[in-house]
């Protein structure tokens, strides 16, 4: 009987690379995505086409309201998504695109799903470039959540260890794209943009777009998605 894995899938290149990695193993895959604001609704649409390329047992989209977490450009319509010209301009601290407790909320849902379906493995696509800007992407956070998961669940208390896997955690964005290209990831079906147009074009200037474009450039590969 195959082991089951829950994968947090955003529709971006990082989580898609994780999906590719896990798809080459013997896991039965349960993908979990979140629709939490109009600015990420395009991600959810992209995922519908993306997962057709993979043997995903089940894909769940969870609708949650994070708009009460004001102060983030990704959940508050009154805050503009900051734009940049190059990587030198990117913030070195926690940016306004940080969403309070986002990964904690997402991983908590994943943990609940894992218990229900009998999975003991949860995968998330955090990486080294996230550390500076997003504290809930750091290795110590992932380890702490895993420890909590094993203290606060029936399966954990019964001695069946739950593992939070972050296979990209020691990789840069450049290395992730390189790895994905080697594995055959179709990045044309992914999106990174924090502020896409209504017709699905990426802005090319938000933190996420700049980081993505830089990663493809360093791999001497043209980013296959369309920009404004």
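Every residue gets a Cβ built from N, Cα and C, even glycine.
Note that the structure is predicted; figures quoted are calculated from it, not measured.
Under the heading ATP binding site, Swiss-Prot lists 9, 10, 11, 12, 13, 14, 15, 16, 17, 18, 19. Taken from Swiss-Prot, the feature Zn(2+) binding site applies to 193, 203, 206, 209.
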*Taking DSSP three-state, what's residue 206 (Zn(2+) binding site) in: helix, strand or coil?*
coil
_Spatial separation of residue 193 (Zn(2+) binding site) from residue 19 (ATP binding site) - C-alpha basis, Å_ = 19
_CB within-chain contacts under 8 A for residue 193 (Zn(2+) binding site), separation at least 6_ = 42, 202, 203, 204, 206, 208, 209
*asked:* Using a 10 Å cut-off on CB atoms, tell me which of the binding-site residues 9, 19, 203, 206, 209 is the least crowded.
replied: 203
*asked:* Residues other than 193, 203, 206, 209 within 8 Å, Cβ to Cβ centroid, of the Zn(2+) site?
replied: 81, 83, 192, 194, 195, 196, 202, 204, 205, 207, 208, 210, 227
*Tell me the Cβ contacts of residue 11 (ATP binding site) under 8 Å, same chain only and six or more apart in sequence, or just say none.*
33, 42, 43, 44, 46, 47, 50, 190, 191
